[in-house]
Every structure is written in C-alpha cells, then in structure tokens.
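These notes are about the structure you will find just below.
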C-alpha cells in the first residue's frame, strides 16, 4: 500500500489522503464515456463540415476517451488500486466537470448551432491537464515539477503535494504574497488561471499561469498590464480565428494580437500583419511576453494592438535582469579537477561558461548552445530529454579552496603594507631629489676642474648599483593568475640605493672642494 509522508510544517490541506473512487464515481465514468461517444458522432457528421484545425474537436474527444479509460482502468476491476496523494479527489472533480462540458456541447449541436464555435471551449485544456498529470495513464500529480522556482516554492509551502485545490483556498494563499482586490479583480484573475473552468486550480493550471506572466516577483502586475488592460490580448482564440480577425487590418501593417497557444501550453502566440500585408504568427522562445512586445515595437512589427492607434507602454514592467546564483560545491570542484575540467565550463561546446538553466529539469549550459539546439528542432533538454518549459539566466560562483582564501587574505594585507612602504619610499626620494637640486646650484658656482680628482677617487663601482634579488613568489587566488605590472617597490628601492650612493659621493666631493678653496685662501 502506497503511503504519503508529509513534513510537520506542511499545511493540513495536503496531509489527508483521498478516498478511492466509489461505485457512484464509476457509474459517472461510464456515463461520461457514453456522452463522449455521442459527442464524437455529432462532431464528425459530414454535413457539419467542421474544419480540421487545432484544437480539432473530434480529435480532442477521441484522445480524451482513450486517456480517460487508461487512467480509470485500475479502479474498474475487482481488485481496486489505492490512490496516491489526492489522486482520488482529482478524478472525482475532473469526471464531474467533464460530464458537464459534454452535456453542454451536445446541447450546442442540437440548439446552439454556431455557438459551438465559441472561444471559451476548454476541451483542449482539460485534455492537456489530464495527459500531464497522468502520463501513460499513471498519476504523477504529486510529483509534478512547476517550471519557475519561486512558484514551485509557493505551491509546496501552501498546498504541499496536492495537485488540485478549490479556488477560494488558492485565492487566500495567493493574496498573502501577491495582493489583489476582491470582487471584479478576483473574478478576472480566476477566469485567467482557471483554464478548465471547474472552480478549482490544479498545479498544472498554476504552472501555466506563472509561465505566461513571469517573472514571479511582478506576476500580478504583468497580468494586469497584459491580460486585463491590454487591447491586444485574446484569451482563447485559435490559429484560424487569429487570421480571420487580422484580415480586417491587412491595410495596416504592424497590427497585432496575442493569445495563449493551444498546442504549446504555457507559451504565447503573437499574430501580426507584415509590411507586405501577410499575416504571420510566432511563438516567443524563452522570453517574457512584455519583452517580446517591446522588442517587436522597436522593430516595427507590433505597433497597433487589434488595429488600434494607441499601443500601451510596457517598459515599466522591465526591471534589472535577476540572475540566479549557482555555487560550486567542494565535491563538484574536486570531481571536475580530477578530470581536468571545471564545473562552470559548458560541456556541449567546451569553450564558454554556463550561463543558462533549463526549466524545470535544472540542467546548465551556455546560451549559444541552447539557441543552436532549439534551432535544430530540439524542444527537449539535450541532457535528459525533459521538455523545455522555460530558461533562467544564472551566474556560477566558483568554489574557492580554504588555503587559497587564507592566502588571498594574506596577499591583500601584504599588498596594503607594500603600498604604505611605497608612499614612504616616494617621500624619501623626493627629499633626496630636493637635496640634489641644491647641490647642482653649488656645482654651477665652482670650477669643474676641481671635481676631477674627487670623482676619480670616490667613483662608485657599477656592481654596487645592481638591483636586489627578486622576492619569493606568493600564493595567488587562481592557478593561472592574470599577468600583473611589475611592483613599484623594486624600481623605487633601486632609485633610493642609487640616490644614497650619489648623495655620499656628492658630499665627499663638496668637502674636498671646500678644503681646496680654504688652502688657496690661506696662501
């Protein structure tokens, strides 16, 4: 029997185990299968002429039926499985909501006719959620990895390992970290986060929301600027519907709208009219939407949201790029030293340092390698083949051995002492130079012939002016230090030695001159 262990600090909302599906739940499941079968027949009627364009309703219904049968298989036999975590709760919420949606869709085929093509259809989101939380038909909702680190920490702290919570509970927890008003603002937020419209927020829906309106620090501010007030935002339009809407603005290049991608959940699709009147749709890769819109505005692509004259200024959403820090551990340092490499070196190109982290798997590489990989249709991590849902700029802090830290500290102290000694040496040299200037004045007053004997007798040998030996090398912070300019202490010390010797010879010469003058006067 599978048991779930929870931390003592985990909220009560995540500690209770869900009950397995009851006989009433299994009857509800059978009813849903019948509704889906009927819906599939109605949607594939040749007289309907439904266009095969994603999200294509017949395909969604077929895939939902197949995956749903696989998910419920462990609970339909004589030996029922035990649900893991809140798996049972999720299945009950999902199956009831799916039945409601199927009933409404069947009624639309009978009475609504054209209303069946409304933008608010959520079958695609429901199928994506089911496939994500039950890959291969097995529940993985309690181990689902949220892409953004801050969002993951929030969910685990607030809801533990639950995969779905009621909207009211989610709202209370979110308001503790991102304030928003009750009433209209809360209703607008719910309509954006609750993709499946079932009054619950799943971990999958929360992940999609935080990826769409990243970064986490300004999550609701981004949402307000991009989804609530921006005229170019279209919530649930499809690829074909975007083309139809932009047809009215072919005469105005730079017109654009943006929507949630139906095929790549958690990403944006931007449609715009080019300078030659064609309609192009792109999906920005690894960048927040507001940055893509700002860049497109500067390039003349995104000028008129939904054909309007005024384009909102989104530069207020820009903030200094925050880079996550990755510290190299002692074990990693020693491991890479053994193989003659470093942790920070990108292992794909082996030329540049790692500066990008793939989300949610967390593998590191350099940005040029990631860009090249994605251009070659690589939509998964090159290391583990996990889906790439986003990226993060990072800065690696190399590991510094303890002995190097101590040596570095000593070196800094010695450098400070050397600088103080240098100041003293400079002052001494300046005094000597002033003395020598006075001596030169005396030399100009005395005949040069009087200096010949003194210069010969007191000539300083060249060997005594040779520089002192080099000091021993000190430890450096890195094994391959950058070249440094020669120390000033050596040249200054040499100058001091030379000035001392010259000063002595000059003094002796002056004494000899004064004795000679005195003898001449006595005579």
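Here the Cβ of each residue, glycine as well, is placed from N, Cα and C on the backbone.
Just so you know, TrEMBL annotations are computer predictions that nobody has curated.
Feature region 'Disordered', per TrEMBL, maps to range 399-424 of the set 399-424, 425-450. Helix, strand and coil counts under DSSP for the domain 'RING-type' (346-385) come to 9 helix, 8 strand, 23 coil. Within the model, the domain 'RING-type' (346-385) carries an average pLDDT of 85.
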